[in-house]
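What Swiss-Prot lists as site 'Transition state stabilizer' is ARG26. Annotation source Swiss-Prot lists substrate binding site at GLU32, HIS33, THR34, ASP35, TYR223, citing sequence analysis. According to Swiss-Prot, the feature ATP binding site maps to SER66, GLY123, ALA124, GLY125, LEU126, SER127, SER128, SER129. Here Swiss-Prot flags SER129, GLU161 as Mg(2+) binding site. For ASP173, the entry in Swiss-Prot reads active site, proton acceptor.
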Amino acid sequence: MEELLMNRFVEIFGEKGTACYFAPGRINLIGEHTDYNGGHVFPAAITLGTFGVARKRDDQKIRMFSDNFKEVGLIEFSLEDLTYSDSDDWANYPKGVLNYLIESGHNIDSGLDVLFYGTIPNGAGLSSSASIELLMGTICNDLYALHCPMLELVQIGKKVENEFIGVNSGIMDQFAVGMGEKDQAILLDTNNMHYEMVPAKLGEYTIVIMNTNKRRELADSKYNERRAECEEAVRLLQKELSIEFLGELDSETFEQYQALIGDPALIKRARHAVTENERTLLAKQALTEGDLEEFGLLLNASHRSLKEDYEVTGIELDTLVACAQEQPGVLGARMTGAGFGGCSIALVPKQNIDAFIEAVGQSYQDKIGYAADFYPASIDDGARKLF
């Protein structure tokens, strides 16, 4: 792959690239819709991601090309004008990184040429945008010798998303992409950014990512709706409880005080936030102890809660997950990401992968009318220079 990209770089830019880089995508193992509820998330970097080949220029020109968006063509802009532009399309993500690195006082004194190529399916909810942001940060850090800590690049990536692009997302995606380690999941407390690396040794099992191939049109509007519902539940609970987030409660306390919320729909939303946070902490314990069966059961329980209490799944995700859970040897499956399309994950015996993909794929095609895509993935290192 790297050699192909080095040759492709010469085709596009006419000269050899000086180095090759990679930034992964991410999955969230468990802890869904907990980040804005003051809970824990449990992401991991994966083997799918974005490759980049780059070289510095001796002028102020930035030139970017993505083999995933060939139709957009070569995108050019100047270091002296790093404002958002619709015509720059996907390149606004790396452009934003350049903008905030310079704004933070880092010395980027000349332009560069960059070729991007991603193996993350677009729109699948596996953080292709965070992957591009951290890839660009890693390229700049290396080529301009910025000595910028990864955590700062993570925060710049989030700033690009929130302020440059205008998407109201948390820090989990960039954190996982930047800080990921091979065979380690990251338990992140979204309240205070405390994190710990947890061994995720899956032994004879592998994670299969299942893409519904359903466009996530509803995700943004429903995401904002759920967020508002949780905030309202907190406001009602605050009549008797001094809490700021649902993630501060355990199930027992929640059950004791849920009558304060009144509205049955709001109770369900809040119950998911509370129980999912508990499941995430139990999942950490299960992985630490090497108890993959328990970990799988927690994945199943998470999906059930997202389906019944949080109501963010939909027929496509439910079909994939239900069928996956029925396959021989599968320990667990759940949707991952915002929901309403996107992806789910399953913990599948390595020896059964082909049979699993065939059976679940056929069942999905029969019921939904179009194909799902399947990607076996391992937990891998974060953004890095390859050579």
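Any Cβ shown, glycine's included, is placed from N, Cα and C.
Since the structure is predicted, the reported quantities are computational estimates derived from the model, not experimental observations.
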Within the same chain, and leaving aside GLU32, HIS33, THR34, ASP35, TYR223, name every residue whose CB is within 8 angstroms of the centroid of the CB atoms belonging to the recorded substrate site, in sequence order.
GLY31, TYR36, ASN37, VAL41, ARG226, ALA273, GLU276, ALA338
Taking each of ARG26, GLU32, HIS33, ALA124, GLY125, TYR223 in turn, which of these recorded positions have a Cα lying within 10 angstroms of the Cα of GLU161 (Mg(2+) binding site)?
none
Taking only C-alpha atoms and a 10 A limit, tell me which of GLU32, HIS33, THR34, ASP35, ASP173 are near SER127 (ATP binding site). These are the recorded positions.
ASP173
Cα-Cα separation of SER66 (ATP binding site) and ARG26 (site 'Transition state stabilizer'), in Å?
20
Between the Cα atoms of ALA124 (ATP binding site) and HIS33 (substrate binding site), what distance do you get, rounded to the nearest Å?
17
Counting across all protein chains present, how many other Cβ atoms fall within 10 Å of the Cβ of GLU161 (Mg(2+) binding site)?
22
C-beta crowding around ALA124 (ATP binding site), within 10 angstroms
23
Residues that sit under 8 angstroms from TYR223 (substrate binding site) by C-beta distance, when 6+ apart in the chain
ALA338
Can you give me the same-chain residues 6 or more apart in sequence from HIS33 (substrate binding site) with a CB-CB distance under 8 Å?
ARG226, HIS272, ALA273, GLU276, LEU306, TYR310, VAL312, ALA338, GLY339
Per DSSP, three-state class assigned to ARG26 (site 'Transition state stabilizer')
strand
The record lists SER66, GLY123, ALA124, GLY125, LEU126, SER127, SER128, SER129 as binding ATP. What's the largest Cα to Cα distance among them, in Å, rounded to a whole number?
19
